[in-house]
Each structure stands twice: as C-alpha cells, then as structure tokens.
C-alpha cells in the first residue's frame with residue numbers, strides 16, 4: 001500500500017518545523033492525515049486565455065476540501081505566443097514549456113503533494129503541465145480555461161467569423177484600408193479564452209480528453225459559458241476520489257501513466273490527425289510520451305497519418321467553423337465517436353472518470369446518448385458580448401449539429417478528405433522527418449516544385465516577403481530557427497500570414513526547421529529534422545536549388561546530387577567553430593536561452609532536453 005507522500009512533512013516529531021509552517025498556512029491537526037492536493041494554476045493578466053483563471057483555483061480548492069482533501073494552490077508562468085510573435089519574445093515560448101514542467105515538479109516534490117489538478121489553457125502551459133504530470137506520475141486531472149468565442153464583424157454587408165490570424169493577415173495586406181484593418185483587429189478576439197480556432201492551445205486541450213486526463217467537454221466548452229463551471233467543480237471532487245483510490249486502495253489505475261498509456265497516445269494522435277490540429281501537438285505529444293517512458297515516435301505518427309481521414313475542419317483551415325461550432329457538433333467526443341465507428345481507435349482505455357472509451361461514447365456522444373443533460377451541455381454557445389469573465393453567460397444553440405454528412409464533424413463516409421489533417425514527410429534534407437498540416441493545404445499545391453529562397457532568420461524572410469522579393473513558385477526556406485539554432489524554435493506565423501497578405505498563399509511553399517503557430521495554414525512545412533544547427537542537410541540548401549514536395553507520397557526532396565551535397569557538407573565543416581551557424585545574422589541570445597540550446601534536441605525528439613548530456 002503506497003504511503004501518502006505528504007506524510008513525509010506532516011508526521012513524526014522530527015517534522016515539527018514543517019508542521020509549524022503548514023499550520024501557518026491554515027492547516028489544523030485534523031488536516032494532517034488528509035491528502036494534500038496541489039492546485040496548479042496559471043493565471044496571468046498577460047494572456048487572454050488565462051486572464052479569467054484567478055478565481056478558478058479557489059473554486060477547485062473548495063471542492064477538494066469539501067471532499068476531504070487539503071488544497072494548496074500555486075501558479076506557473078504563461079507565455080502568450082500571439083503577443084510574443086514576430087519579435088525576440090518568440091525565442092522564449094517553447095523553452096517556457098520546460099520551465100513550466102520543471103516548476104511543477106519542483107513545487108510538488110519540494111512540498112510532497114499527493115496529487116494535482118492542473119488548470120491550464122494556452123500553447124505551452126498545457127504541454128508543460130502534461131509533461132510534469134507524467135514525469136511525477138501522481139493522480140492528476142486537467143481542466144483548462146476553455147476556448148474564446150469567435151470574433152464576428154460585418155464586411156461587405158456580410159457577417160463573418162474572425163480570429164487572431166485574420167487580424168494579422170489584414171494588418172499586413174496593403175490592399176486593406178486602415179479602417180477595415182482596425183475593424184477586424186477590434187473584433188477578432190472578443191472574450192477571454194484560448195484563441196477560437198483549432199490552434200495549438202485548443203488542440204492540446206482536446207488531446208487531454210483523448211489521453212483520458214480531462215473530462216468530456218474540456219476541449220470545446222467555451223470559457224465564457226456557465227456550463228464550464230461544472231468541469232471545475234467536478235475536478236475538485238474527483239481528484240480526491242482518485243487520490244484515495246491510489247493511496248488507500250493501492251489502485252494504480254488512478255495514475256496518469258496508466259490512463260495515458262501508449263494506446264491512449266495513439267488515440268490522441270488519431271484525434272489530432274482527424275481534426276486537423278496544430279503541428280505543435282506533434283512536438284508536445286512526443287515530449288509527453290518521453291516523460292511517460294512510452295515508446296511513441298515520429299514513425300508511429302507517420303503510420304497513423306496514412307490511415308486516418310480528416311473528419312473535422314476548423315479555423316484556420318476554414319472560416320466557417322470555430323471551436324464553438326465543434327462543441328455544438330459534439331466536441332472531442334463527437335469526433336472520437338466517428339473514429340470509433342470507423343474502427344480507428346483503441347477501445348481498451350479509461351479516463352479520469354473511470355469510464356472506458358465505449359462507456360464514455362455511450363454517455364457523451366450526441367449521436368447515441370439518451371442523456372438530455374449531455375445534449376444540453378453541447379448546446380452551450382456564444383453570447384457575443386466582450387468580457388474577461390469566466391462563466392458569464394448561458395446562451396444555447398437552438399439545435400445541435402448532428403449532421404455527419406455536411407456538418408462540422410463528419411462520418412468516415414463523408415470525410416473532408418481520406419487523408420488526415422497532418423502528415424510526416426521524409427527526404428534527403430529531412431532524414432528524420434518534417435511535419436505539414438495538410439488540413440490547411442489547398443489541393444492544387446499538394447505537389448509542388450520550385451526554386452529555394454534561403455533565409456537564416458525569420459526576420460530576413462519577412463522583410464523579403466513584404467519587400468516583393470518572394471514571387472509565385474518560390475520555396476521559402478527559413479533555417480537556423482530550430483530548438484538549438486534559434487534558439488527556441490520560433491513560430492513562423494508572420495511569414496505564412498504575410499505570404500497570404502501578398503497574394504502568395506497558394507503560390508509558394510515555406511519550409512523551416514522552426515515551427516508554426518496553430519494558426520498557420522498553406523503549404524507550410526516545419527520541424528525539419530535534423531535541424532541546421534545540428535548538422536542537418538537543410539543547412540546545405542542554396543538559393544535557386546529546386547525542391548520537390550510530394551505530400552500524397554510523403555516525400556520532400558532537394559534536387560541536388562549526393563556528390564554536390566557531400567562537397568557542401570565538407571565546406572560547411574571547414575568553417576570550424578562557425579560550422580552549422582548562420583553566416584549573417586545578428587541576434588542577442590541571453591544566457592537562459594543559451595542554456596536551453598545547449599541541451600535541446602531536434603523536433604523529431606519533441607525538442608526535449610538531451611538526457612545523454614546529463615548522464616540520463
């Protein structure tokens with residue numbers, strides 16, 4: 001029978017000092033036999049996805065204590081990728097994931113907490129907390145802040161839906177008037193919550209459902225809707241049950257590594273491919289799998305991408321649907337239901353509610369459930385009122401979207417595409433693979449060949465795109481922006497958005513060892529591995545080299561002879577200490593980022609730290 005971890009600090013005469021300090025936090029004699037549960041919050045006023053979380057930790061804590069636990073809250077950092085985008089701040093985004101994971105480990109282990117409720121939401125916060133949860137392997141439930149309502153405005157006598165990416169594209173489009181750009185900017189992000197499309201934050205929050213670590217509705221129920229409060233109330237009660245199951249009944253099925261098994265990771269990736277999720281999810285799932293000591297690799301993702309169709313299409317791949325529409329169509333469970341009927345899921349998995357996948361689908365899939373309360377929850381809709389307050393409205397759609405032929409979520413027979421929304425490509429400068437979000441690629445450019453325009457920083461590429469130096473047919477190559485080379489693996493949302501602004505969204509390709517925002521669409525290929533800074537062949541590409549992209553056949557090829565590439569590699573190595581570094585880039589890199597770069601692996605490993613350098 002496992003012993004409560006917290007007993008280390010609450011029992012025995014030699015822990016009198018620790019108990020004295022616990023008493024100063026409000027604990028009493030009656031509390032010293034109860035489980036201590038960490039409420040891991042991420043409130044900040046910097047990030048719209050987290051601005052409403054201040055009081056939600058208290059809400060969870062009250063439920064924990066009512067159920068017989070002791071709740072202790074702390075906060076992690078949270079970087080807003082959208083605000084950090086397009087300048088030096090983006091260097092810090094991905095590294096913040098490791099800091100978040102480490103900070104959770106530090107706090108939980110330093111104070112011997114028994115379990116956790118993780119209140120996350122945005123791009124690196126959910127992955128960081130997920131990595132920590134699987135590293136620590138103590139009972140955990142995730143409950144995120146929820147998606148933002150889609151923006152809406154009237155253009156050309158038509159009401160259209162908007163999000164952050166629209167503001168970026170219109171702001172850079174010289175054909176758009178100042179007044180229209182301002183109108184879109186003011187309408188794009190109307191409420192608190194994670195940006196309203198299937199961007200990285202919402203993708204990851206959806207995947208926690210498929211991993212079994214959050215409750216049904218977590219990925220899609222709007223931040224502003226009153227129904228979301230119930231997820232927080234349930235999490236506080238349920239975590240105490242899970243904690244007691246493990247520590248008092250020796251039931252290891254309550255532990256996250258036994259819930260988020262390899263089968264669950266395969267289900268999560270299957271969901272990701274089917275819903276056209278952000279390419280960043282590949283990085284984060286690979287990283288989380290390593291923390292769980294699960295053998296889940298790019299090869300597994302490649303195999304899944306070849307058999308899973310696209311059953312859901314959401315912004316940025318279309319402007320017709322946003323997360324509020326996914327929820328109306330049944331949310332994550334709705335997509336999982338269609339995947340299950342297609343025979344594409346592992347059914348022998350459970351979630352934090354203790355339900356198997358078939359049981360979860362029977363209760364929560366709107367196509368089969370008989371539960372009116374569940375159907376009512378999935379009718380939760382937007383209010384269209386600007387607010388930073390959680391649970392501030394209770395509007396509902398008149399009807400559910402259960403049309404699996406033409407609705408937001410489709411059945412296998414009516415799939416948007418027989419190929420899924422993500423693909424792994426391999427070739428002579430991506431020997432370990434690269435990732436493309438096929439959901440956002442126009443059919444006309446699934447095969448594409450063009451001359452390379454090579455840039456060794458995102459800034460130089462942006463200047464060239466906006467300066468008219470990139471023309472139709474070009475393949476823009478941005479290198480030395482990987483985890484080690486950036487350092488920090490910047491997102492390339494501005495270059496891809498500016499290609500659209502210049503009318504080149506369907507006429508050019510962009511390839512990088514960096515990564516993309518979940519808001520990216522177009523022929524945008526990232527995570528090229530090995531990265532240039534690690535001696536990857538992307539560092540050998542020269543201006544004018546022809547690059548052939550073949551998404552249907554999962555290929556990407558630099559059309560240069562092996563002999564020529566060998567000669568270029570020899571010349572690169574001859575640069576000595578300067579080998580595999582950018583030639584003409586001035587960038588101030590802090591000590592903190594240099595420390596990150598010294599241990600960073602390429603994207604095919606999840607951009608995690610190289611344990612071999614630490615003796616691990």
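A Cβ is built for glycine as well, from the same backbone N, Cα and C atoms used for every other residue.
Residues 123, 124, 491 are given by Swiss-Prot as Mg(2+) binders; from 81, 157, 163, that same site also lists 81. Taken residue by residue with DSSP, residue 81 (Mg(2+) binding site) is part of a helix.
Within its own chain, residue 123 (Mg(2+) binding site) has 79, 81, 93, 199, 200, 201, 204, 280, 518 as residues 6 or more apart in sequence whose C-beta sits under 8 angstroms from its own. If you measure from the Cα atom of residue 122 ([2Fe-2S] cluster binding site) to that of residue 517 (active site, proton acceptor), you get 12 Å. If you measure from the Cα atom of residue 491 (Mg(2+) binding site) to that of residue 517 (active site, proton acceptor), you get 5 Å. Here the binding-site residues are 81, 491, and the one ringed by the most other CB atoms within 10 angstroms is 491. Residue 491 (Mg(2+) binding site) falls within a strand segment according to DSSP. In sequence order, 78, 79, 81, 93, 94, 96, 97, 100 make up the list of same-chain residues 6 or more apart from residue 124 (Mg(2+) binding site) whose Cβ falls under 8 Å from its Cβ. When the binding-site residues 122, 195 are scored by other C-beta atoms within 10 Å, 195 scores highest.
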